[in-house]
Amino acid sequence: MLVSSLEYLRQWQAKYYSNDIIIGILLALALLPGAIAFSFIAGVSPAMGLLSTSFIMMIISITGNRTLMVTAPSSGVSLVAAPIVAHHGLKYLILATLAMGIIQIIFGLCHINKVLDLIPNTVVIGFMNALGILLFTSQLSNVFHVSIMTYVFVMISFIIIWVVPKFTRILPSPLVAIIVLTLCAWYFKPDIKYVADLTTIHIMMPKLYLPLDILTIHSVGVIIFYGLMMAIVATVQTTLTARLIDELTHSTSNKNRESIGQGIATIITSAVSGIGGSGLVGQSRFVVSMGVTSRITTFVTGVFLFVSLFAFSNIIGKIPMAVLATVLITISLTTFDRRTKSYIQAAPLKNGTVIIATMIIILASNNLAYGVLFGTIFYYTINNTFKNKGSDT
């Protein structure tokens, strides 16, 4: 126990404190576009998305096991959260997020890593590809049939996001696109939709709130169901991210403790009306590549985002929706698993069938968790079939 405590304290000691703090601020700037954009997918206010990101980052930097991993509201969790808000309202989402956190803790206590090891790579590939498609299609309404100037802003956004990384990787290109085109929109006042056209930006200090007044036998069933779905998706995405960080840093992490830590962060975030999140691959890779050595970075990120919530509240409403849509479409294109082609070529019938089946299940049900569950069952069913026939295509 003493060794574990000393190791934990060492994880707060940076090799270069100035570097870890600066990267924490840069990471916060990189998370801003996604936090705002994912909030629209979930059907909540951008302020709620930013608040959730700041709280999760601060808390997970303390409770998490996998250092250097970035955890925040993600595309997967937001897509599961969307139907809750659409069909039942925000109060249901808050309690479903609370249930999600409790289930994540239960997952960790029950050694969820052993179950996750049973999920085959072909199902993971299908999961990521379907996630990319769902994310892509969710933004088409913000691009098409809006106005001519919307197409212009989308094209310019894509160009900025593509060109900026060729000159610098310090400044996140999505943030550059948002700043440049928000200024252009403010100056030229084109015929486009803005964040303020779709939602009211209401900023206030967070306070503890759990809408227990809605609890009935029916509502509890709905809340637990969606909480479980979000917990499954978040755990899968977080585990994939943690494994990547393990490989990049040549170290190991305890996935069960990470699940417990994430559960604690999710519960606290739900208590201030926030939404849950999961590990983010791209942002975590950025942190590792910048030479971060401590938990300070993610904590600074959370604090900076919390301050930004009040400092930039008036600006958020002026952001063009076309730019946010472009940011999410760009994220969707990078979500597709690059291993798809090689896996299908290695075993066209077996691997290809599982990948496509997983994608079809997710796209047909609009539920990522269903894809993981039924895709895994389908994999072992078809695997046993091939073994019984004595073939390995």
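Glycine is treated like the rest: Cβ placed from N, Cα and C.
The structure displayed is predicted, hence computed values, not measured ones.
What TrEMBL says about this one:
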type: TRANSMEM; residues: 21-41; note: transmembrane segment
type: TRANSMEM; residues: 89-112; note: transmembrane segment
type: TRANSMEM; residues: 118-136; note: transmembrane segment
type: TRANSMEM; residues: 143-164; note: transmembrane segment
type: DOMAIN; residues: 143-334; note: domain 'SLC26A/SulP transporter'
type: TRANSMEM; residues: 170-188; note: transmembrane segment
type: TRANSMEM; residues: 209-240; note: transmembrane segment
type: TRANSMEM; residues: 260-280; note: transmembrane segment
type: TRANSMEM; residues: 292-313; note: transmembrane segment
type: TRANSMEM; residues: 319-336; note: transmembrane segment
type: TRANSMEM; residues: 356-382; note: transmembrane segment
Q) Under a criterion of three or more Cβ pairs within a distance under 8 Å and sequence separation of at least 6, are the transmembrane segment (21-41) and the transmembrane segment (170-188) in contact? A) yes
Q. In this predicted model, what is the average pLDDT of the domain 'SLC26A/SulP transporter' (143-334)?
A. 89
Q | Cβ contacts under 8 Å made by the transmembrane segment (260-280) with residues that lie 6+ beyond its boundaries | A | 34, 39, 42, 44, 48-49, 51-53, 55-56, 59-60, 63-66, 69-74, 76-78, 81, 90, 93-95, 97-98, 100-109, 206-210, 230, 233-235, 237-242
Q) By a Cβ-Cβ criterion of under 8 Å, what residues six or more beyond either terminus of the transmembrane segment (118-136) are in contact with it? A) 41, 75-76, 79, 236, 240, 328-329, 331-333, 335-337, 339-340, 343, 351, 354-359, 362-363, 366, 368, 371-372, 375-376, 379
